[in-house]
Amino acid sequence: VLIRVLANLLLLQLSYAQESSELVIGGDECDINEHPFLVALHTARSKRFHCAGTLLNKEWVLTAAHCDMENMQIYLGLHNISRPNQDQKRRVPKQKFFCLSNKTYTRWDKDIMLIKLNSPVPYSTHIAPLSLPSSPPIVGSVCRIMGWGATKSPNENVPHVPHCANINILHYSVCRATYGRLPAKSRTLCAGIPRRRIGSCLGDSGGPLICNGQVEGIVSWASKPCVHNGAPGMYTKVYDYTDWIRSIIGGNTSATCPL
């Protein structure tokens, strides 16, 4: 019954996160010391960040495949766009890796990209990695989202500092009831707070969904406008790709993602 109610309440137009321009809706400014693994992606011609990502070690960043762009610049150790941290660093990609050696992905599968930096970054107060998941999150888990994405939608208001919010892992059937066009199974996580407007928005794409101190998800896509009527968001399920991630980082660049 609950699923049917949600389906009736949440009549939405689908859009990839990059199309709906997501930032954290309903959140507050992150503490400057709580996100040393959070990176910002943009191009020199962009006036705001295009996407976010997660630092896995000194040379590797995890983000969404749909965040790929030409002339990408990667900022690490950043908090306030207007006031750089002393240990802030900038890098560019040396190599990019996708599941199928190309940018083939869907709303429910393979929206994941690994970036090898052109040179390692030193760890510091504001630069440190986040661990890959040791197990998938369970329904009901409280998880953390963060990013420089829009704090309002559809009239986007982009902040100078990252915003953070807590959301819950929901049963996949909730997202299926909300969006209608999803397959019976997918390598994604459904997360949000039903009937509350808290979630990711423009600019948050590629950033982490953090559960128990591990990166469990990658911001992939959501409703348009963001979190419309409390609609949940979809996140790439990192646990399903851990073998591929470790293989690529370990030097097996021909590794393929799970089918």
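Using N, Cα and C of the backbone, Cβ positions are placed for all residues, glycine too.
Under the heading signal peptide, Swiss-Prot lists 1-17.
The annotation domain 'Peptidase S1' is assigned in Swiss-Prot to 24-250 on the grounds of sequence analysis.
Note: CYS30 (disulfide bond) has non-local neighbours HIS79, MET146, VAL161, PRO162, HIS163, CYS164, i.e. same-chain residues 6+ apart with C-beta under 8 A of its own C-beta. For CYS30-CYS164 (among others), the entry in Swiss-Prot reads disulfide bond, with the evidence type sequence analysis.
DSSP assigns CYS51 (disulfide bond) to a strand in the three-state reduction. Per Swiss-Prot, disulfide bond is recorded for CYS51-CYS67 (among others).
Residues or ranges marked as active site, charge relay system by Swiss-Prot: HIS66 (among others).
The number of other CB atoms found within 10 A of the CB of ASN80 (N-linked glycosylation site), across every protein chain shown, is 13. Look at Swiss-Prot and you will find ASN80 (among others) tagged as N-linked glycosylation site, backed by sequence analysis.
If you look up Swiss-Prot, you'll see CYS99-CYS257 (among others) marked as disulfide bond, on the strength of sequence analysis. For CYS257 (disulfide bond), other Cβ atoms within 10 Å of its Cβ number 20. Secondary structure at CYS257 (disulfide bond), taken from DSSP and collapsed to helix, strand or coil, is coil.
Under the heading N-linked glycosylation site, Swiss-Prot lists ASN102 (among others).
Under the heading active site, charge relay system, Swiss-Prot lists ASP111 (among others), citing sequence analysis as support.
Taking Cβ-Cβ distances under 8 Å and a sequence gap of 6 or more within the same chain, the neighbours of CYS143 (disulfide bond) are PRO137, ASN166, ILE167, ASN168, ILE169, ALA191, LEU209, ILE210, CYS211, GLU216, GLY217. Marked as disulfide bond by Swiss-Prot: CYS143-CYS211 (among others).
Here Swiss-Prot flags ASN155 (among others) as N-linked glycosylation site, drawing on sequence analysis.
Annotation source Swiss-Prot lists disulfide bond at CYS175-CYS190 (among others), citing sequence analysis. Counting only same-chain residues six or more apart in sequence, the Cβ atoms lying under 8 angstroms from the Cβ of CYS190 (disulfide bond) belong to ILE169, LEU170, HIS171, TYR172, VAL174, CYS175, PRO232, GLY233, MET234, TYR235.
Take the CB of CYS201 (disulfide bond) and look out to 10 A: across all protein chains shown you find 35 other CB atoms. Here Swiss-Prot flags CYS201-CYS226 (among others) as disulfide bond, drawing on sequence analysis.
SER205 (active site, charge relay system) falls within neither a helix nor a strand when secondary structure is assigned with DSSP, and so counts as coil. What Swiss-Prot lists as active site, charge relay system is SER205 (among others).
Neighbours of ASN252 (N-linked glycosylation site), defined as other CB atoms within 10 A of its CB across all chains, total 11. Feature annotation from Swiss-Prot assigns N-linked glycosylation site to ASN252 (among others).
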Exercise. Out of CYS51, HIS66, ASN80, CYS99, ASP111, point to the one nearest SER205 (active site, charge relay system) in space (Cα versus Cα); all of them are recorded positions in the record.
Key: CYS51
Exercise. Based on Cβ atoms within 10 Å, give me the single least packed residue among the disulfide-bonded residues CYS164, CYS175, CYS211.
Key: CYS164
Quiz item: Just checking the recorded positions CYS51, ASN80, CYS201: which sit within 10 A of ASP111 (active site, charge relay system), CA to CA?
Solution: none
Practice problem: Work through the recorded positions one by one (CYS51, ASN80, CYS201, CYS226) and name whichever has its CA nearest to the CA of HIS66 (active site, charge relay system). | Solution: CYS51
Quiz item: Closest to ASN80 (N-linked glycosylation site): which of the disulfide-bonded residues CYS51, CYS67, CYS99, CYS201, CYS257, going by Cα position?
Solution: CYS51
